[in-house]
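Structure first, then comments.
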Amino acid sequence: MPASLLPPTFLPHHLRRLAPAGCTTSSVTSSSVSIPASRYDFEPLLAYLSSPSVSASLTSPSPPASVPAPEHRLAASYSAVPSHEWHALLRDLAASDASLPLAFALLPFLHRHRLCFPLDLLLSSLLHSLSVSGRLLPHSLLLSFPPSLSDPPSPLLLNSLLAASAAASRPAVALRLLSLLREHDFLPDLASYSHLLASLLNTRDPPDAALLERLLGDLRESRLEPDAPLFSDLISAFARAALPDAALELLASAQAIGLTPRSNAVTALISALGTAGRVAEAEALFLEFFLAGEIKPRTRAYNALLKGYVRIASLKNAEQVLDEMSQCGVAPDEATYSLLVDAYTRAGRWESARILLKEMEADGVKPSSYVFSRILAGFRDRGDWQKAFAVLREMQASGVRPDRHFYNVMIDTFGKYNCLGHAMDAFNKMREEGIEPDVVTWNTLIDAHCKGGRHDRAAELFEEMRESNCPPGTTTYNIMINLLGEQEHWEGVEAMLSEMKEQGLVPNIITYTTLVDVYGRSGRYKEAIDCIEAMKADGLKPSPTMYHALVNAYAQRGLADHALNVVKAMKADGLEVSILVLNSLINAFGEDRRVVEAFSVLQFMRENGLRPDVITYTTLMKALIRVEQFDKVPVIYEEMITSGCAPDRKARAMLRSGLKYIKHMRVA
């Protein structure tokens with residue numbers, strides 16, 4: 001009998017012999033593997049599994065017609081090994097890259113000879129070890145095993161895969177696994193939702209709102225009762241997705257059953273409310289949970305409230321937050337000072353910002369590149385892009401080196417004002433200083449060239465990004481899909497979308513809205529409708545923006561009936577029809593010379609409490625001019641002023657056109 005097939009020797013681990021040196025045919029030898037302390041000698045088994053032909057046979061989707069007799073004898077010699085020994089061996093093999101192939105071969109060996117049950121528990125243990133170490137994507141692992149290992153997959157296995165996918169920051173894979181659980185009528189556990197939310201929260205970009213709503217709907221459908229940690233993750237996720245109303249509802253639900261979310265979730269919600277300008281609600285939440293409660297506010301909580309005051313340009317209240325922090329013994333950090341500096345910059349108080357920088361240094365908080373990037377962003381938003389050079393000089397005078405974030409803001413500043421030469425100079429400078437561009441850098445640069453009409457250069461930059469160590473993200477693909485759509489390069493659009501999915505990226509609401517917009521503007525209405533249907537099939541809810549893009553596309557071509565059908569579909573999906581959509585519908589009727597229907601939309605607005613804006617009245621005047629009802633144009637203009645709507649340049653131009661035609665007709 002070959003040495004590799006000898007039965008295991010039942011010896012204490014310190015007397016365990018090593019397998020003969022020549023017993024393997026693979027580079028992954030058992031002597032190079034750390035074997036766990038055990039009453040059993042696994043060396044012969046590992047030597048056998050290290051053979052490439054054996055490993056290929058075990059992991060093949062098609063089982064062999066017959067199993068060699070020596071393998072049967074080897075398996076029989078391990079029939080008395082208890083389950084916990086197999087688990088210990090598997091964990092140890094999974095701990096090293098060198099022994100990982102043996103772990104892959106061991107599982108089907110155990111399955112083939114029925115040596116350990118349940119096998120899914122072993123596979124779940126291996127998945128957990130790999131996800132903790134981050135050395136292998138879980139879906140790749142699943143594909144490496146024959147379907148017979150778990151066919152159909154068990155809930156334990158799917159939940160383990162879901163957790164591993166989340167740990168690997170692959171929410172798309174995790175969502176697919178959640179769908180598989182539902183397809184097989186398995187009940188996901190709370191941990192599955194927590195892992196999935198963690199993967200969404202651990203990304204740089206905010207979670208996609210449609211995905212969160214889908215996830216919450218699935219959780220409610222399963223009738224699982226969230227615990228405090230899961231409520232906290234849900235509140236944090238919706239807050240980061242800029243959906244404070246949904247986060248507030250979740251907070252109320254948690255409190256109704258006596259649960260208190262973690263302080264970081266409350267802080268995230270305060271920050272979201274402040275960002276939305278809802279400072280009164282942010283203040284109330286801060287008082288309820290921190291000042292009136294048992295939890296003492298920390299720096300991050302104060303910063304969240306401070307962000308709201310900066311958002312509404314309430315400098316007095318912002319300065320009071322700093323005073324209160326001092327009175328409560330809470331030390332301000334760099335983010336605190338950067339928010340105040342940002343407030344001063346946005347108010348045009350550059351000298352006050354410089355004084356605060358000095359105070360910051362006096363308090364032992366050295367300003368970083370981030371603080372200066374906030375100053376630069378403030379000037380950018382006020383249109384003072386030329387001050388970018390002054391900020392850079394001040395930064396260098398303070399001994400602070402620009403980092404990636406600062407360069408990203410600088411590139412964005414130049415890009416917004418079509419100073420593409422300066423943007424490329426900043427890009428090249430950061431590379432010269434050894435700072436590698438990240439996905440934000442590339443996205444900003446590519447988008448700036450797209451908007452500046454430099455489409456060829458944008459495509460070149462995208463290719464450079466592909467070749468770099470920074471793979472394109474969802475936002476990158478959205479930018480390129482929009483660029484190719486504007487050029488009506490439809491094969492390129494489809495290829496870009498396919499490539500995006502192949503990279504494991506999930507098309508988000510912006511992706512679908514972009515597709516609907518570019519297809520609609522080019523008259524490819526079938527493709528636009530198909531995108532909406534595909535989105536619904538993926539469990540995502542079309543946004544009002546998407547419907548508006550399609551209504552507007554129909555309106556531009558005077559296809560009023562099609563536009564009206566889209567509005568009806570929008571209402572059927574439970575979405576509120578906005579002024580923007582109704583204005584586009586008026587335009588569609590106007591282009592189709594259907595003035596009566598155009599004015600019926602105006603009546604619909606009034607009956608439903610929607611206030612017509614200047615675009616509404618301007619579009620109606622344009623419709624009247626198109627059907628040569630010039631005498632009614634001044635009447636609509638007068639009605640606009642009476643309603644309190646201030647006319648703009650286009651409205652006045654429409655009035656002049658109407659009066660000009662009236663005068664011409666009278667002369668004639």
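The backbone N, Cα and C atoms fix where each Cβ goes, glycine too.
Record features, source Swiss-Prot:
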TRANSIT   1-64  transit peptide
REPEAT    154-188  repeat 'PPR 1'
REPEAT    189-226  repeat 'PPR 2'
REPEAT    227-261  repeat 'PPR 3'
REPEAT    262-297  repeat 'PPR 4'
REPEAT    333-367  repeat 'PPR 6'
REPEAT    368-402  repeat 'PPR 7'
REPEAT    403-437  repeat 'PPR 8'
REPEAT    438-472  repeat 'PPR 9'
REPEAT    473-507  repeat 'PPR 10'
REPEAT    508-542  repeat 'PPR 11'
REPEAT    578-612  repeat 'PPR 13'
REPEAT    613-647  repeat 'PPR 14'
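Proximity of distant same-chain residues to the repeat 'PPR 13' (578-612), defined by a Cβ-Cβ separation under 8 Å and at least 6 residues beyond the stretch ends, is recorded for 544, 547-548, 551-552, 554-560, 563-564, 567, 570, 619-620, 622-624, 626-627, 629, 640, 643, 645.
Against the repeat 'PPR 2' (189-226), stretch 508-542 has more CB pairs under 8 A than any other of 403-437, 473-507, 508-542, 613-647.
Remote same-chain partners of the repeat 'PPR 10' (473-507), defined as residues 6 or more beyond its termini with a Cβ less than 8 Å from a stretch Cβ, comprise 170-173, 175, 205, 208, 211, 439, 442-443, 446-447, 450, 455, 458-459, 462, 465, 514-515, 517-519, 521-522, 524, 527, 535, 538. Long-range neighbours of the repeat 'PPR 11' (508-542) within the same chain, counting only residues 6 or more positions beyond its ends whose Cβ lies under 8 Å from a Cβ of the stretch, are 208-211, 213-214, 474-475, 477-478, 481-482, 484-486, 488, 490, 493, 497, 500, 549-550, 552-554, 556-557, 562, 570, 573, 575. Across the range of the repeat 'PPR 3' (227-261), the DSSP-based residue counts are 26 helix, 0 strand, 9 coil.
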